[in-house]
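Participant: Okay, these came from TrEMBL:
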TRANSMEM  144-164  transmembrane segment
DOMAIN    146-550  domain 'Major facilitator superfamily (MFS) profile'
TRANSMEM  184-204  transmembrane segment
TRANSMEM  211-231  transmembrane segment
TRANSMEM  237-260  transmembrane segment
TRANSMEM  272-294  transmembrane segment
TRANSMEM  300-319  transmembrane segment
TRANSMEM  364-385  transmembrane segment
TRANSMEM  405-426  transmembrane segment
TRANSMEM  495-519  transmembrane segment
TRANSMEM  526-545  transmembrane segment
Amino acid sequence: MNCSLSNTMSARALLSSLSLTPKTPPDISAQKRNHCLGFKHKYPFHFRIRVQLSSQQSQQERCHVNFRVSARSSSGERGGGKVRADVKSEPYDISDSIPESVKFEEAMDGAVLGKKELELELDSESESEIESSVPWWEQFPKRWVIVVLCFSAFLLCNMDRVNMSIAILPMSAEFNWNPATVGLIQSSFFWGYLLTQIAGGIWADTVGGKMVLGFGVVWWSIATILTPIAAKIGLPFLLVVRAFMGIGEGVAMPAMNNLLSKWVPVAERSRSLALVYSGMYLGSVTGLAFSPFLIQHYGWPSVFFSFGSLGTVWIAVWLSKAHSSPLDDPELRPEEMKLIMTNSVSKEPVKTIPWRLILSKAPVWALIVSHFCHNWGTFILLTWMPTYYNQVLKFNLTDSGLVCVLPWLTMAFSANFGGWIADTLVSKGLSVTTVRKIMQTIGFLGPAFFLTQLSHVNSPAMAVLCMACSQGTDAFSQSGLYSNHQDIAPRYSGVLLGLSNTAGVLAGVFGTAATGYILQHGSWDDVFKVSVGLYLFGTVVWNLFSTGEKILD
């Protein structure tokens, strides 16, 4: 095609007369720096530039050049503009001589020249260049930032909880506490813990999980730091502080459940919850491992001061990085927003809790009953195992303490392994209902089987192995009942977890007391038989009445 131009014009000069917004034209001089026509925007624009060249014969040989530019941002906004140039010309062959000013930037290297139309695509190169300029930690999925922060919160939660089980020994020696007083102090934590299970769920569903979980960590961290001071003042003050600590930790699980129901898609739900709950297991391991060292070298108050102060570090990161919902996060990348919102719940906040409707649903009661049956066995094993190792297996107290760490480590591993299995099954097309029933059935029948084998083993090593396997299969419940709250009622997941976990805490309180009564009148075999019976009952209830489908909108 031949066209004559008397005034060589830069493509940039033409583009500068265009406007992607009605008010302010872009600064083309900054195009090379920003890769998106002067817009200082975090995400790349996608450009389509169309050039139409047409000639019109006259006495002075004129050439009409039409430029049209349209832009679409990653968020979907569109804009465009058009300019027409009518210039005198002198003949030359454009295929032989192209002025330097007409050569577009390297970013427009996808040009395709037709007879009268030129289209330039500016997507892939600009996008890749901008992606490469973003630090890797900013490209890390934001939903997994929330998961990791929740994991670290639960790590601190159990570190602050189990330190008393170690520190109580030197404390009772210093303050002359008898066993009854020690039991009272240990149980005072559950007074506050029971109070805030349902309240924490209501609060999280109405005002958002970020505020509630942040409050919980700050509250229990302050209570942990105040524990040595309260102990020195007097027993009543210590009981109040421990109850206050339970109040703070009681809101953690409902708040976390609310957060993950909004941030994590269904296909990633099991492994994200498993990772968060494994923070509790590893927190117990960390607390049991470091508390003796701190007590030996710096005294028992150092355990509470050091563990409690870690909460200040966590809350600083939490306030700067976390948001209650993806809709509240201005830095969330559009592609991740699309992935999350594909499975999102209603954008309307919860204003009232439909208690009658919730409590009328059979799957809700399946959750409550199954949580009770599950926690009965779990709390007994985790509370009474040191005594079992000492009385039955004849381990000394030091060995018992070390062996007690093994179930927590096993649970941390198997919980994440089970979460990966569950999400894989969902991604392969298996229904969520089927996956939840499979995982929880393993979480019930696995512990039941290994507990029945304890009466048939003769060596301590085999007994410890049975215990570890029992707790390891128990952790598959993280992908069963613990994931089900978000399945059946995502908007009310905090309230549901508060309800079911209240039953779980009551199982721990009653089960721990009942075990002492059974041991006084019977044997360890009787203790295990009660747990096995509840595991079997929970299996039946779960498989008959649970579902993975949403029953409450």
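Every residue, even glycine, has its Cβ placed from backbone N, Cα and C.
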Participant: On average, what pLDDT score does this prediction assign to the domain 'Major facilitator superfamily (MFS) profile' (146-550)?
Facilitator: 88
Participant: For the transmembrane segment (405-426), what are the same-chain contacts with Cβ under 8 Å, counting residues 6+ beyond its ends?
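Facilitator: For the transmembrane segment (405-426), the list is 266-275, 277-278, 281-282, 284-285, 288-289, 381-382, 385, 432, 434-436, 438-439, 442, 464, 467-476, 478-479, 483.
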Participant: Decide whether the stretches the transmembrane segment (364-385) and the transmembrane segment (272-294) have at least 3 CB pairs under 8 angstroms, with pairs required to be 6 or more apart in sequence.
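Facilitator: Answer no: the transmembrane segment (364-385) and the transmembrane segment (272-294) share fewer than 3 Cβ pairs below 8 Å.
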